[in-house]
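Single-structure report; data block below.
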Amino acid sequence: MSTLIKDAKILVAGQLTVKDILVKDGKILAIGHDLHTQYGPADHVICADQHFVTPGLVDVHVHLREPGLTDKETIATGTMAAAHGGFTTIGAMPNVEPVPDTPEKVALMVAQNAQKAHVHVAQYASITKDRTSENLVDFDGVKQAGAFAVSNDGSGVQTANTMYQAMVAAAKVGLPLAAHVEDAALKGDGVMNAGPVAERLGLPGISNVSESAQLARDVLLAQASGVHYHVCHVSTAESVQIVRAAKQAGINVTCEVAPHHLLLTDEDITMDNPMLKMNPPLRSPKDRAALIAGLLDGTIDMIATDHAPHTDAQKSGSMKTAAFGITGLETAFATMYTTFVKTRLLTLSQLIDLMSTKPAQLFGLHHAGCLEVGEPADLAIIDLDHAYEIKADQMLSKGHNSPFIGWQVYGQVLMTLVDGQVVYGKE
Ligand SMILES: NC(=O)N[C@@H](CC(=O)O)C(=O)O
Ligand SMILES: [Zn+2]
Ligand SMILES: [Zn+2]
């Protein structure tokens, strides 16, 4: 089976050029012009109409909610949402029920992902049994069972000794350790960023140090252990500064930032609104500026959505009781493209590096994040020219908990292919 994607605008050495892409048996066979003269006619033709064709986007931070929490999302709906957002590879976080904390449970999830997912899913195992702060998981075993990294996302590892032992063990088997850094006691019962806005609204605050103090601890432990230490969803100016200093010191640290922390601040919270509740919370404009600076100087390695779907009931009422988290897969590219590339803060090539190439490379997701001859035909066709409105009824995720509903943006995904098969196509 062969498919010709005609008139695809692709990035070649940072420049957009129009070429044809020939796909055969799921892989890219050739990129160029007049490919039929050499390869004959293709079985199918997709006309890209000079729209942008990107290597499939890669998101290392997604909550699929299956098993156990399928009222929020399933492998099927979460990966359809991924395809709708132009993502062809995602990392699935382990805060599900049961937690993948044994080789057997990881193997089961890997098998379920392969059976039900519409895009490639890389599976996280947890760091500790049941994501508590003690009893390490068998890292060698979960790696053999197919885990690509370990994380306790949703909670911080509260004890330094457990974190240090985990890092030593993860380093030994070559698994990246992705940390949700949060001191539970410092966070307390906070629901939004601590500061003047929280005070005005009478809502309990979450201080910057609840994130950065544990991060500072972890960087020293990472240095001592030699692990590949990855920081999830950095949100504060202090975190950016700690990661910057760690990199300068040669410590093997990478980090991600979520689109919402680059696009919004606590000043966007004008009333008690659960749609703007997530962990870590929207921070101050000063923190946002530091995140953008970190993105531009390379301190921040990648963008990851932290797609966290919840039911409508779980996201209604007061921020005091609603669940933490917002969806992100279906809005990430367009919101980032509109706010950062249209305004020339980032080039398109830099955005694709941050949303595809670098996460794939840094997490060893081979064959993801590239559009090259011989590699799988994982790609998305994206309209960069026409504005559209983000609408709840167009989301394929079960979760509709997005603060970006109603935004006018550019960068609509028209079609997504995984292994040469169309997994999403706009009507
Ligand atoms: N980010 C969130 O606010 N929530 C995430 C957990 C997490 O990423 O820490 C969730 O699983 O809902
Ligand atoms: Zn987290
Ligand atoms: Zn998360």
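Using N, Cα and C of the backbone, Cβ positions are placed for all residues, glycine too.
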Residue in ASP306, ASP312, ASP353 which TrEMBL records at the Zn(2+) 1 site where HIS61, HIS63, ASP153 also bind: ASP306
Matching residue for the substrate site, where TrEMBL names HIS63, LEU64, ARG65, ASN95, ASN279, PHE324, GLY325 - out of HIS51, HIS84, HIS310: HIS310
Among ASN95, ASN279, which are binding-site residues, the residue with the most C-beta atoms within 10 angstroms of its C-beta: ASN279
Neighbouring C-beta atoms (10 Å sphere around the C-beta of ASP306 (active site)): 29
Those binding-site residues in LEU64, ARG65, ASN95, GLY325 whose CB falls under 6 A of ligand 3, listed in sequence order: none
Protein Cβ atoms within 10 Å of HIS310 (substrate binding site), excluding its own: 26
Distance-selected binding-site residues near ligand 1 (C-beta under 6 Å), from HIS61, LEU64, ARG65: none
Minimum Cα separation from HIS61 (Zn(2+) 1 binding site), reported as the residue among binding-site residues ASN95, HIS180, HIS233, HIS310 that achieves it: HIS233
Same-chain residues at least 6 apart in sequence whose Cβ lies under 8 Å from ARG65 (substrate binding site): LYS72, GLU73, THR74, GLY78, VAL96, PRO309
